[in-house]
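J.: Structure in structure tokens, see below.
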């Protein structure tokens, strides 16, 4: 089959690799219908994260089950499925608590699986899914192709935005600021709107993203950054700062900006993957009694929560996909997203 | 009147100073019945925090109202009162939210008041209380002298331990670890027990504190620290880590120890005042989806919550006071606490 392999900075190639097969009785084999490129894939692409040896890449997909192992009970061949960006067993203590991203048998597509072996990437034709019963979300019926992008958004970007909103304790009528206008930040705006936030300030400097932020429910847009951005938000809110801030970037600068617009006792939810391991100083938190929470979203249970709204057409998270390319041109997707010519690009195998 | 003035490291003196008077119509004047020395007073005493010029010290007291300004309505002369360790107006947005420690008119006894002027300290005979209606908690009747120490504990140490427990989301049946065996840590044990924790592990190396921790509800005591302490707690809990950790020290080491015993998705409540501004690295939080919250306790509303249990004799938080001295010997209190010969020393003017 064809699969995307990253070799190093600005070097992703679509190569012929062996077809995956069922290896464990709990595996499923999925034919990928749609995949996409994530902001975190770009770190390796831009060389901000090392690629010591070539590896498959991509961790978001929807598709159709081709074959299942003998112990798989919840999905069967022919079933259309959504995959969260990690696999999880669904049975350990953390999964039972709803924290599938801390599963005892966690694996991230394109990275190491629970057994330490390399997992397949999602920017490919097929993928082997360990712990299929715990991992895959079967749809009741085959969706329309026109709905694929909304369903694909459930793999990572919407659950991650939703996680930011949950961690930031977004409540009915609350005031929310979203830091970061990537696909995750925009999804955070949508998630905050869905949870009933009264006012949502999107911090964004790019017109296309500002437009989508408003479509997703932003009531205000602030296009300054850093200290200027903090001052602009304070002006806008009349000194009453945000109850909830969604930090969707992952740098020390964006953390500082986030804390700068948070009211005393407010909640910061952070989901921006910390590329450089930013530090939070207790001295900046302590005087204000801030609440902080964040990390890798437990996408699996969130898909259950979010899917009905997608199927009913109440939300259209797939609007973050403003471009689409065939698998053979996946390199273009990386380049367009790196150049910010695309918010998020869908890939069709 | 006589008041304790700190001049520099290991130099606290009881001096004659002018009697405080009513300055604002919202002030009350309180005759102090009992005060005490706080772990945070010791920073200045040990020279870890500079004392650029002599200042009054002490921020915990109970006493009797001597006189009130013309606009004070909720307390009157002769009323026995408990004072939280800060004053607050009770009417601003933060006070209305219950976050009196972020009051727009915040002042800490012995430090700067809302108007920037030096406030009196509590290790003294009398004190002027700004915003008396918002600040003071009147008792229904004059308490017995034997109950003073339990009531004095409501000024700071129990509300602060309770804040740690609340920030750490202590729940019925939950597993709790308390890091720090000072008066605040021990009060945190009591607060966790009061909130129904199922298992409470106190990390303490000193026999007198271990004994009190058990009396306050600790089910287990671990006397190792750092990595060894983390390993010992993990062994004790059989690998299922704590749902809630109360960090009651305020150093980078204690933060690391606290995160080391927290389960994925668990809650860390920190109230140890950060003397050295420890840093938290997002990379240590992100993979585990930890929740963190903490800061200066909003003691005022917590006193309302905790007082009924004290008055009914259901809890005895005053057991943290293992020594008492007259005001003239307040220097002994500092020295005994510095040498850890006393957990917390009460002072009688």
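Even glycines carry a Cβ here, placed using N, Cα and C.
Features from TrEMBL:
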type	residues	note
DOMAIN	B:25-140	domain 'Alcohol dehydrogenase-like N-terminal'
DOMAIN	B:183-300	domain 'Alcohol dehydrogenase-like C-terminal'
J.: Can you break down the domain 'Alcohol dehydrogenase-like N-terminal' (B:25-140) into helix, strand and coil residue counts using DSSP?
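T.: For that range the per-state counts are 19 helix, 36 strand, 61 coil.
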J.: Can you check how the pLDDT averages out over the domain 'Alcohol dehydrogenase-like C-terminal' (B:183-300)?
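T.: The predicted confidence over the domain 'Alcohol dehydrogenase-like C-terminal' (B:183-300), as a mean pLDDT, is 94.
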J.: Taking helix as H, G and I and strand as E and B in DSSP, count the residues of the domain 'Alcohol dehydrogenase-like C-terminal' (B:183-300) in helix, strand and coil.
T.: 50 helix, 30 strand, 38 coil
